[in-house]
Amino acid sequence: MTIAPAAALRPRFVLAGNPSVLWALLVLAIFTLGVSFLSEGMGVGLISTSFVKTLGKTLCLCLAAVAMDVVWGYCGILSLGHMAFFGLGGYAIGQWLMTARTTEIVAQSLAGQPLPPTPRELEQAVATQIFGVVGADEFPWIWAFSDSLGLQLLMVVLVPGLLAGLFGWLAFRSRVTGVYLSILTQGMTLALSLWLFQNDSGLRGNNGLSGLQNIPGLDGWGQATLSVAFLWGSALALALGYVLFAWLTSGRRGSVIRAIRDDEARVRFLGYGVEGTKLLVFTLTAMVTAIAGALYYPQAGIINPGEVAPLASVYLAVWVAIGGRGRLYGAALGAALVSLLSSWFTSGGVPDVPLGFATIRWTDWWTVLLGLGFVAVTLLAPKGLGGLFDLVPRRPSRRQGDWGPDDGAWRREEG
Amino acid sequence: MTTLLEVDSISVTFDGFKAINDLSLAIASTGLRAIIGPNGAGKTTFMDIVTGKTRPDRGRVLWGEGGMNLVGLSEARIARLGLGRKFQRPTVFEAQSVAENLDMALKNPRQPLRLLLARRTAADRVRVEAIAEEIGLRAHLTRRAGELSHGQKQWLEIGMLLAQDPKLLLVDEPAAGMTVAEREHTTDLLKRAARTRAVVVVEHDMEFVRRLDCRVTVLHEGRVLAEGSLDHVTADPNVIDVYLGR
Ligand SMILES: Nc1ncnc2c1ncn2[C@@H]1O[C@H](COP(=O)(O)OP(=O)(O)OP(=O)(O)O)[C@@H](O)[C@H]1O
Ligand SMILES: [Mg+2]
């Protein structure tokens, strides 16, 4: 073998060393431009505004799935609580959206009065408007920053980051791993959703936050234009997140992260602080997931405590498993495919199947189908849908030498 | 010669069974030391205690000039102090290439944030190559570690130890599953490493120990049975009784 061994560790710019990242970004760009071109808001109007929103939301779910892949597929932490961070990001941005929007409306309705309202009166009127449904007429303390977009955007990453940091610190420090850790993360998201369901949580209990699709200050835009703007925002976030995680999982840091997944005890004997590295990955992925949530809910228009129910996080893991963990594009693919199929089936878009003795209503049977699909992928294609890319014959390239004599494509993606 | 590691009357009990029983042992700062003993003598457990994997019920493990007590420190902390370990069952990261395995072990900053921003330097690459050359895996740098033969995995793990550049190497059964030629290569490797640092080798194979040509400690039932040259300990009636005579 006459490979120059130095090439084995040749440092390369993340993008150049990893063609799959460039491909993913290219596909994403073409998709976004294509949808914009076909949309009502910007282009020829073949795609309805509500479907543009669905696609924009799907991109946010892809970002969450990519983060989930890093924490689970690369670092080996099967977190079944990452959708809690997604929801918290949504609540954080929702607080500003609701406050600003309601303030606009209340100010308008009070404008006709002979005496202009004092700021205090205005605040109280806004509070009554927002919290009347839970019988309150004052802003709870957790809304302290809700009148500032900047601060509330900070809360989007800060609150989930702190929760993930605290949770991770407690869990990893006590060396809780495997199934026990997964159960703990389920407990965390369950506790969060139960707390949110309470009226005195300060986040409007089971009413959740609504009217989030109206962006204060952008009334002139209309939903059609806004939907395209959010599609672009979501695509940009996904692209940046993708590059960030491609970087995180490359080089020596990526090596150590994967080593922790495969044998964390051994990594300790190399001198690496396993707990610290896991905490870093867990917290970082939580924060990116929260950003995805902050972009998702303005497109959904509403968020309620059901969104952070334990099941949501389980679905996230299922998407990643179906897409193929340990490869970022696999996770994105799985999330896009399954969530789009899911909304198609559950929205009644698929015709019922009459069997004579019974009728298969897909709104009810979709979860069964998903379950069967999950089992099928696990048994037949353990590498997930992303693994199908390994079957594409590759023409030998100069790069091949860098990554080993046998053409195991996944290593190139992972490296 | 100065003492690098001093194990001071440690004991450990697993479910009422005394695996290590008031064991004391001193290791000099350079040179080889072989530890032999029948199955279950406590050789691996001794390494577990020194490297922080197992906490002894009693006793101290003193390290370096200052006599710092290692008991209670985390595995990672102990490793960073300069103790490297090769496991009885070769444990390398099979999903990663030989080069990546070595690169991870290189003596570089280990803190999570420093690791995050770490770059593989040219010096790192040269070092990885040099170690690969030394362990005879230079032609295999790009191969997945999982594809290596058992003996090659053992070498890779020794190479990872060398990459860590520790002050003390604890090597558990390095020659298991190796051919005669591979064993000789391993002996050379360990002897060379021991010129500048302390190397403790646990081994069952007498021929291998003879070739190491160093001081031998015989463990039995968690305590030192005899210590000295190989000829000296193999002549000891107690040793013949419990170990060699069977
Ligand atoms: N974690 C543990 N729990 C219970 N018993 C243990 C544990 N670790 C070791 N032992 C027991 O302690 C004794 C010493 O084991 P150890 O592995 O140190 O022996 P050894 O000298 O390395 O033997 P071998 O030559 O077979 O590797 C054995 O009887 C073993 O069964
Ligand atoms: Mg042993």
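Backbone N, Cα and C atoms are what each Cβ position is placed from, and that goes for glycine too.
Here is what TrEMBL says about this protein:
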- A:20-38: transmembrane segment (TRANSMEM)
- A:59-88: transmembrane segment (TRANSMEM)
- A:149-172: transmembrane segment (TRANSMEM)
- A:179-197: transmembrane segment (TRANSMEM)
- A:229-248: transmembrane segment (TRANSMEM)
- A:269-296: transmembrane segment (TRANSMEM)
- A:302-321: transmembrane segment (TRANSMEM)
- A:328-345: transmembrane segment (TRANSMEM)
- A:365-389: transmembrane segment (TRANSMEM)
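At the 8 Å Cβ cutoff, the transmembrane segment (A:302-321) and the transmembrane segment (A:59-88) share at least 3 close pairs (sequence separation 6 or more) and count as touching.
Ranked by the number of CB pairs under 8 Å to the transmembrane segment (A:179-197), the listed stretches A:20-38, A:59-88, A:149-172, A:269-296, A:365-389 are led by A:59-88. With Cβ pairs under 8 Å as the measure, the transmembrane segment (A:269-296) is packed most heavily against A:149-172, out of A:20-38, A:149-172, A:229-248. Counting Cβ pairs closer than 8 Å to the transmembrane segment (A:229-248), the top stretch among A:20-38, A:59-88, A:149-172, A:365-389 is A:59-88. Only residues 6 or more beyond the boundaries of the transmembrane segment (A:59-88), in the same chain, are considered here, and those with a CB under 8 A from a CB of the stretch are 28, 159-160, 163-164, 167, 178, 181-183, 185-186, 188-189, 192-193, 196, 231, 234-235, 237-238, 241-242, 245, 248-249, 254, 257-258, 260-262, 264, 277-278, 281-282, 285-293, 295-296, 299, 303, 307-308, 310, 312-317, 319-320, 323, 325-328, 330-332, 334-336, 339, 414. Residues 318, 321-325, 327, 329-331, 333-334, 337-338, 342, 345-346, 409-410 of the same chain lie 6+ residues outside the transmembrane segment (A:365-389) yet bring a C-beta within less than 8 angstroms of a C-beta in it.
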